[in-house]
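J.: For reference, the structure I am asking about is given below.
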């Protein structure tokens, strides 16, 4: 019978996945009740799998697993955590969720998988989350969402997908999902259809659509009409046009149907027939741009009808050579002398300069395909094509370029020294691509570059010295990437005036060696980062306070810890952010100055983090310990010195006595004394050598 019991226990342990035990009972994790709810905190425990662990089975709990190494979730990963009511998995490097991973979590109402590396949501990704009401998946690498990804979430109300790489939402993605709050900020959406998408969320109460490259054309009419018919305060933030250029920076709600779709309903049978060929029109502005061959040139996202490129938001730069737009009949005339131009592109003369070559949206897959090569091109537009890589051989014939637009392609590879021949280039657009690393070698030769736009990429790493190759760089656009840190001296030797770092992954930014190098900054945008309010952010806060609101664009909201969530850190005092550093100091220790005492008691000194009159305990204690140890060694040294001197003194006395005895012995042994004892009369001393021992 005992053998059967042992075999049964062994088989049960094997079936349970070799569970080691309760994470609370074995104190693997911290388990505490907060306001009546059990919090199982397994933060930064190095977990790579959960199948060997279990949690309390007698009560419900909130499970915190952020900061581990759960990079992949396999089916039944949470089978032993069936009493969880919320699950936090931020910052795990999670990149794959196998369908069935959440089976057993039928009680979970809130799921946080933000700040990971998830690239797609497949069908049945969330299978098992029957009661899920809140899903947070911001700051990932989401590009693809299957139409059936959310079909199992029949109670989902809040969906947070901001700061990903989503360019489109599939049809019926929200079918049978009762969404009331939808956050799509900081993605790559150019349009949002009403049919089979927006029409499926009739109960929407809040929607956020900021920081997307909206293409304000006919396709956006349905979104505009839908926004006008939802509850008045449902739209949070702005929907700002990024293209076409004539509407760039304009709010969607300020546009008209005619603005978005100028050709709509323009054809009318009552209008007179077009004039004969010999008839002419008076010069005047046309509703839409035309190519040199007279065909309509439809505006594309991020591009201007005249080949221009968007400058996001308030980031204005000086007038570029493309600012002048030809009007009237002159715009429609072919180029003089039948100027050769690569197939599919349009070429224009720049007054008093070279050529402007517009190859936007021409299905170009390689710059090597652009033939014939024109050596006098000064502005080259290659936006909205299918270019995957660029090499230094591609620009050998374009040494006169001053503007290059490679935005909205599929560029993931930039060969070192690609731009080395472009010594006169001043504007470079490489936004909306797939770059992941920036290095000095990639930008070698751009000694006159003033404007660099690499927003909406997947940049995770900027190597030291990257921008040193561009000493004249003034405007740097790095927003909507995957940056978590910046190297020391990244801005050394560069006099930036405008810098955009919003919608990245920064938790804090160091002042020394990074921000303190921005001595010429007049505008910086840092919003949309998951700032962590801890002692490390205090110098950054003080730096931001010195800049002021006229330089620092938008508020900076805290992401962690929970008690500071979504708070503006400018409204918090330094001792709130770092209480251990700003511990109250006794007035007796600060009585040297009435003013400094007051500051120590209130903790409101504006720059107290750098104030030498207030010493951190972490500095004070080691200092006192050092003084104590030094004093102890000094006392011991003095004692040793005194003792050694005493011994030496005794030796000297002994040696002196011995010397005297030896001298006396010598005298007694002399022939003078041997002749007989010395006797003196009266008061004279009598010394008889024979009657005394010399050892006495």
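Here the Cβ of each residue, glycine as well, is placed from N, Cα and C on the backbone.
As annotated in Swiss-Prot:
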{"type": "TOPO_DOM", "residues": "18-622", "note": "topological domain 'Extracellular'"}
{"type": "REPEAT", "residues": "59-80", "note": "repeat 'LRR 1'"}
{"type": "REPEAT", "residues": "83-104", "note": "repeat 'LRR 2'"}
{"type": "REPEAT", "residues": "106-128", "note": "repeat 'LRR 3'"}
{"type": "REPEAT", "residues": "131-152", "note": "repeat 'LRR 4'"}
{"type": "REPEAT", "residues": "155-176", "note": "repeat 'LRR 5'"}
{"type": "REPEAT", "residues": "178-199", "note": "repeat 'LRR 6'"}
{"type": "DOMAIN", "residues": "212-263", "note": "domain 'LRRCT 1'"}
{"type": "REGION", "residues": "265-313", "note": "region 'Disordered'"}
{"type": "DOMAIN", "residues": "332-373", "note": "domain 'LRRNT 2'"}
{"type": "REPEAT", "residues": "376-397", "note": "repeat 'LRR 7'"}
{"type": "REPEAT", "residues": "400-421", "note": "repeat 'LRR 8'"}
{"type": "REPEAT", "residues": "424-445", "note": "repeat 'LRR 9'"}
{"type": "REPEAT", "residues": "448-469", "note": "repeat 'LRR 10'"}
{"type": "REPEAT", "residues": "472-493", "note": "repeat 'LRR 11'"}
{"type": "REPEAT", "residues": "495-516", "note": "repeat 'LRR 12'"}
{"type": "TOPO_DOM", "residues": "644-696", "note": "topological domain 'Cytoplasmic'"}
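So where do these features actually land, and what's packed around them?
T.: Computed over the repeat 'LRR 1' (59-80), the whole-number mean pLDDT of the model equals 92.
For the repeat 'LRR 3' (106-128), the list of distant contacts is 60, 66, 82-97, 99-100, 134-153, 160, 505, 530: same-chain residues at least six beyond its ends, Cβ to Cβ under 8 Å.
The list of residues near the repeat 'LRR 4' (131-152) in space but at least 6 beyond its ends in sequence, with Cβ under 8 angstroms from a Cβ of it, reads 95, 106-125, 158-167, 169-177, 183, 458, 482, 505, 530.
Counting only same-chain residues 6+ beyond the ends of the repeat 'LRR 6' (178-199), those with a CB under 8 A from a CB of the stretch are 138, 154-169, 171-172, 205-215, 219-220, 222-223, 225-226, 237, 243, 301, 432, 456, 480, 503, 528.
Mapped onto DSSP helix, strand and coil, the domain 'LRRCT 1' (212-263) counts 22 helix, 9 strand, 21 coil.
Away from its own ends, the repeat 'LRR 8' (400-421) comes close to residues 301-303, 307, 309, 320-322, 354, 360, 375-392, 394, 427-436, 439, 441-446, 453 of its chain (Cβ-Cβ under 8 Å, at least six residues beyond either end).
Non-local neighbours of the repeat 'LRR 9' (424-445) in the same chain are 188, 213, 302, 309, 317, 320, 383, 399-412, 414, 416-418, 451-463, 465-470, 477, 482; each lies 6+ residues outside the stretch with a CB under 8 Å from one of its CB atoms.
Secondary structure by DSSP for the repeat 'LRR 10' (448-469): 4 helix, 5 strand, 13 coil.
Long-range contacts of the repeat 'LRR 11' (472-493) within the same chain, counting only residues at least 6 positions beyond its ends with a Cβ under 8 Å from a Cβ of the stretch, are 141, 163, 186, 211, 312, 315, 317, 431, 436, 447-460, 462-466, 499-507, 509-510, 513-514, 517-518, 525, 528.
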J.: How about long-range neighbours of the repeat 'LRR 10' (448-469): same chain, 6 or more residues beyond its ends, C-beta under 8 Å?
T.: 141, 165, 188, 213, 312, 317, 407, 423-440, 442, 475-484, 486-494, 500
J.: Per DSSP, what is the residue tally for the repeat 'LRR 9' (424-445) in helix, strand and coil?
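T.: Counts, helix then strand then coil: 3 helix, 5 strand, 14 coil.
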